[in-house]
Amino acid sequence: MTRQALSRKIINTCLEMTRLGLNQGTAGNVSVRYKEGMLITPTGMPYELMTEESIVYVDNNGVYEKGKLPSSEWLFHLAVYQARLDCNAVIHNHAKHCAAVSILEKDIPAIHYMIAVSGTDHIPCVPYATFGTSQLAQYVKEGIKESKAILLSHHGLIAAETNLDKALWLAHEVEILAEWYMKLLATNQPIPLLSKANMVAVLEKFKSYGLRIEEK
Ligand SMILES: C[C@H](O)[C@@H](O)[C@@H](O)C(=O)COP(=O)(O)O
Ligand SMILES: [Zn+2]
């Protein structure tokens, strides 16, 4: 895909993220792996105002185009691409239920077999660090090796996948799981979890299940 087409796709993903209720205001950011770096949304710009020209190229050394300012979270986007060679798209948001679970500093455990969309048996919550810092990027780098979706304590969600459509799908699935988890926690009842063996069986089945969401 050309840079122009990828940039349009990034903006459409941002708009769809808002339409799905996964984000508010200028929170969140989206990137795709591109050449020797990535294309990423600019910092602090409402998604509706973005044009293809607003999208910023940042190389693997963190050097970006003159006259443009990339997302304040470019460090953790690069960290994901370094940690996961299987992932080409990264979405970050402040989805309501993901953020709520992250404020409790909790992982989302195996409450439902769809947890396996993360590629493992839980959605980890990585420690808190100030947004935009190398400390946060370091926590993200460790967490994302374990799972394609992670919660950032007192902040939100990161979802990484092979393409933007899949990353958006993953972010949506995790928000639903987070909503169920918050509702379960509110019952004050013990929460039964699927066993390791249950989750291993689902993870195995997912390897051949029709989860292929190709680029539109
Ligand atoms: C303060 C920022 O909103 C921060 O939360 C960041 O993580 C975010 O979600 C959006 O920042 P950018 O507009 O710089 O991408
Ligand atoms: Zn954020």
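Glycine residues also receive a Cβ, built from the backbone N, Cα and C atoms like all the rest.
As the structure is a computational prediction, the values presented were derived from the model and not from experiment.
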Do you know which of GLU73, GLU173, GLU175 TrEMBL groups with HIS92, HIS94, HIS155 in the Zn(2+) site?
GLU73
Specify the nearest of the binding-site residues HIS92, HIS94, HIS155 to SER71 (substrate binding site), where nearness means the distance between Cα atoms.
HIS92
Can you tell which of the binding-site residues GLY28, ASN29, THR43, GLY44, SER72 lies nearest to HIS155 (Zn(2+) binding site) in space, using Cα positions?
GLY28
What's the CA to CA span in angstrom from GLU73 (Zn(2+) binding site) over to THR43 (substrate binding site)?
8
The one of HIS92, HIS94, HIS155 whose CB sees the fewest other CB atoms within 10 Å, among these binding-site residues:
HIS94
Around SER72 (substrate binding site), which residues of its chain at least 6 apart sit with Cβ under 8 Å of its Cβ?
ASN29, THR43, GLY44, PHE131, GLY132
